[in-house]
């Protein structure tokens, strides 16, 4: 399936930022070799049918595609005990239930059966990317990597390291732990879909995995930090999870950063920009600042936090400070391997911040706090489970949302199955459409996010941009012949005609050339190349006109280069507009009006210049190029500001809580 071409026609849902649920109805998404080529509105079915060599998948009204879930924290060997024996504190739970259960993975047939069931279940649940804790057993951990590769799940896998405070039947020496970790790193890198073979397309990644500070000596932590640096691999562990764990760490290392996890990981070289630490319930603000400075991330596990930590991860507070945060199931400290209960629990956890404290010693009315809008709603939580998790793993430029050039890591969800656990109401579709019409963040009629008027500002910029783009090509092609006949150059009609022929030939070559290049490079890159060339061209015109002097040869050469550069700008620009905005008919009309107005204005100005002093014609050309380039750069800045992580409260795109929980994964090969 990876090497085939697909078109999905229907509803596309994702969360480009925490405050926006982006729903693109009646869109097409073309996928070629696992990457998204085009996302655009489908005006009619004919729009889709022109792609003759693509397999077309039409989604019904009850179906949509959304990004696959990213589970940042899953203990693979604990799947069999998921949600059990949670009535005891964490450290007792580990000694009494978890360590004996994990030790069973020394039996490779048991481990293979367990891991096969787990990975299959996670894929059925819609989890396409997982960061796994395995066990201390090297061979069993290799089996987990093999299963993930076979089933096509993107997996970050760590062989657990523990050389102290563990039972005799489930412990390793420091030397064994380091040696086996390095062997596992090399094993994964040599896999068919490992990093050394597949490079950036790798699905399976090794992760340096000290279980947590209580079970790892400082010597082991230091050596693991060195391994992570040597191989440039990811790191995972637990941090500030429960009160008894925090107290234990302080008792073990009171002289290292006051016995705190963050200080210990920092001192041992494990606090890096590739590190994800689970829980973080009891992190202090200054520790969060250290994590932000290092680029590390937190995996919030709200269900397990309720059961063991007796607290919640301050997700909104951490993100507001700049910390990367995603979600994890924490199998088996939590009761579910499904990310949807985790998404709900993240919302519930945020609500507990405002819980009323009840004094039961007297019969009195409780004092209710003033109502405020929640910091984490269903959009924010869904973002954390998709793009937020990808950001924590530093792969948000590859997966987590639907953008041109990203990998098609997606789920196909059907809300109208006979055996599903909820009912589908077809009339809700109209409510969604009306809500989108009013508040799509990519429409020029909305304020986008918060006080930042993304759609409106970018639409105005694009209209101004078309004003100068429309003027460039048409004006030059109209007055170039007159400029060639300028008496200063002393060219005959025949020579001037050959100059025009050369210009039109180069224009045709330019369009054809960039039509080919745009197959391999994005529209954005193509336009950037063109405008960089246009700036050089403007500088060359000014240099030859005002300093060196124009000869017939340099005049013909500059004219040909002008045609080569100007001709592809207009078609590529409209592709660029469609990437940045939903180009609705009204906006399309305004863009075309901007082009026409620019052409008329520049023609008028150029005519006056040619009548007064033709020598200033290239100067006018350079000014038009400079203005269009500045607007192009400014549009990138606006887009960057819109895409940056933010927790500002914005207008809602929809008002419904969820679209469904029954997920049919049509892409088991991690498209």
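The chain as shown is numbered from 1 upward.
Any Cβ shown, glycine's included, is placed from N, Cα and C.
Heads up, TrEMBL stuff is auto-annotated, nobody curated it.
Of the listed segments 428-447, 528-547, TrEMBL assigns transmembrane segment to 528-547. Looking up the ranges 399-420, 553-574 in TrEMBL, the one annotated as transmembrane segment turns out to be 553-574. In TrEMBL, the annotation transmembrane segment applies to 581-601, one of the ranges 581-601, 644-664. Among the ranges 369-389, 621-641, the one that TrEMBL lists as transmembrane segment is 621-641. Of the given residue ranges 339-361, 454-476, TrEMBL assigns the label transmembrane segment to 454-476.
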